[in-house]
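Residues or ranges marked as active site, nucleophile in TrEMBL: B:Asp52. Annotation comment: TrEMBL describes B:Tyr110 as substrate binding site. The domain 'Pseudouridine synthase I TruA alpha/beta' annotation in TrEMBL covers B:8-104, B:143-244.
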Protein chains: 2
Amino acid sequence: MKRIKLTVAYDGTNYCGWQVQPNGITIEEVLNKKLSKLTGEDIHIIGASRTDSGVHALGNVAVFDTTSTIPPERFAYAINQRLPEDIVVTQSEEVPMDWHPRYQDCIKYYEYHILNRSLPDPLKRLTTSHVSFPLDEAKMQEAANYLIGTHDFKSFCNIRTNTDDTVRTIYSLDVVRDGEEITIYISGNGFLYNMVRIIAGTLIRVGRGFYQPEQVKEILETKERTEAGVTAPPQGLRLAKIKYSSGTCSDSKVHDVNE
Amino acid sequence: MKRIKLTVAYDGTNYCGWQVQPNGITIEEVLNKKLSKLTGEDIHIIGASRTDSGVHALGNVAVFDTTSTIPPERFAYAINQRLPEDIVVTQSEEVPMDWHPRYQDCIKYYEYHILNRSLPDPLKRLTTSHVSFPLDEAKMQEAANYLIGTHDFKSFCNIRTNTDDTVRTIYSLDVVRDGEEITIYISGNGFLYNMVRIIAGTLIRVGRGFYQPEQVKEILETKERTEAGVTAPPQGLRLAKIKYSSGTCSDSKVHDVNE
C-alpha cells in the first residue's frame, strides 16, 4: 500500500464544489470514480481544500491510498486520459502513509479576480467577478493591510462555519490592478468558510467608497459577520496553490506573494 | 424606419456559430428573437462575420431596421437585459439606411490564442487552443511574413468555400509570445472560410518544426488546400474588431496591429 498525492486543477463552473454531496456532481466524486476505475480499487480521496460550488483551482491537493503498480508519478498522466476536460491532475507523487493534506502546516494561496469596467466580457464571465462601478485599488490595499497578521476572523466567515476557533493568520494580501482587471492575492495558514470571498466582498465595498479603509479594522474588531461586506460571487475565486512546510508545493507557476 | 448597428461580443462555446441554421442554436437566432421581443417587430439582423461554431467575438457587427422609438444608443442596454450572459451588445448606434456591414470597406482583426505548455489549463480550455509541444514563435513570425500582402489564399481556405475570388489582402500578421501564451494577431480586408484557422494551423506546424518558414511561401503558390496545415480548433479564435473606412470601429480596446 502506498499513498499518492495529486495536484489538481479545475474549472469549478459545472460542479457543486469539491466535496461529495447528494444534490450534484462534485470534483471529489469524479476523481473517486475515475481513480477507482483506473486502479480497480474503491478509492476515496482526501482533499486539502473543499472549495465551494463554482470556485476554481489551479493547485488543490488530494491524497489516496492504493496497491496499484502504476508508478506514482505516472498517475497524473493515466488519470488525465479519463478525466473530463475541466479537471486536470497536474502532478502525482508518493508521500509517506501518514501524510495528510489537511493536518500539515501549509500556506494556502488564493486569488480573487475582478473585471472592473462598465460592460461585462462574455469570455471572462466564468473566471472573474464583474464590477461595473470604478474601484479604487489603492484604498482596497489600504483596507487589506488591516487584515494581514493573526486575527480573529469571526466577522469574515459564514455564520454556518462549524468551528469555534476563528483565529487565522494572513501572511500577505495584495490588491493588484492590471488595466481593467483587479486581482486580490491572499495567502494564509488556513481560511474559514467563505472567508476569502467575504474579504473580497468587503474590499470591493471599500473600493466603491461605501466603507473607508480604516472601517475594516473596526469590522474585524466587532467579530460580527453582519458588519462585513457581502460574500463575493464564486467564479472570481481560485485556489492558486498550497505550499506545505515539508517543502512540496502544489504549483510554482503562480504569483508568489509571500516568497 | 431607421437602421441600427450593434457591436456584439460573445462566447461562442455554446453556439453553432453565428448564422441561423436548423441543427442548433446560433448567435444570430438569439439576437433575432430577443430584438423581435423587445421591439414587437419581426427582426432579422445582418451580421458582418458569420463566425463558426465555437469561435468567439469581442466586436462582431450587425444591423437591423426598426420603427421602434427606443433611442438608438439605448438599444445596447435594453437588449442586454434580455440576452444570456454569453452574449453582450457593447454598443448600438444609428447608421444610414444603406449602410451594410458586409458591403463596406473594412479591416477585420482576428486573434488566435494558443496555450503552449505541456499540460492543459482547465480555466483556459474554452478560449485558447492547447499545444503541448514547444513552439518557436520566431519561426512562426518568419513564416507569417510571407502571408502579409495581397495574395491568392486558395491554399488557405476550406475547400467548401463558395467563392471563386480567393484573393485577399492581409495587412498585418504578428506572432506574439507572452509566457505560456502565443497570440497570432491578424488583420485584413476580408477572410475566406476557415482562412484564419488554417493560417494558425500552418503556423503551428512551422512552430513545431514540421515546416520550414519558407515553405509557407511555396504552399501559398501551389494554391492547393492540401498543402497547408490542418484547420486549428475553433476555441482559439476570436474576432477582435471590425474597423470600417467610414470611421466607425467595433472595438477600440484590442491590440491594434495596424494603426
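Keep in mind that glycine also has a Cβ here, set from the backbone N, Cα and C atoms.
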TODO: Round to the nearest Å and give the CA-to-CA distance linking B:Asp52 (active site, nucleophile) with the residue listed as 'substrate binding site'.
DONE: 13
- [ ] Tell me the Cβ neighbour count for the residue listed as 'substrate binding site', meaning other Cβ atoms within 10 Å of its Cβ, over all protein chains shown.
- [x] 25
Open item on the list: Let's check the environment of B:Asp52 (active site, nucleophile): how many other CB atoms sit within 10 Å of its CB?
Closed with: 19
- [ ] Helix, strand, coil: count each for the residues of the domain 'Pseudouridine synthase I TruA alpha/beta' (B:143-244), based on DSSP.
- [x] 34 helix, 32 strand, 36 coil
Open item on the list: Within the domain 'Pseudouridine synthase I TruA alpha/beta' (B:8-104), what mean pLDDT does the predicted structure show?
Closed with: 96
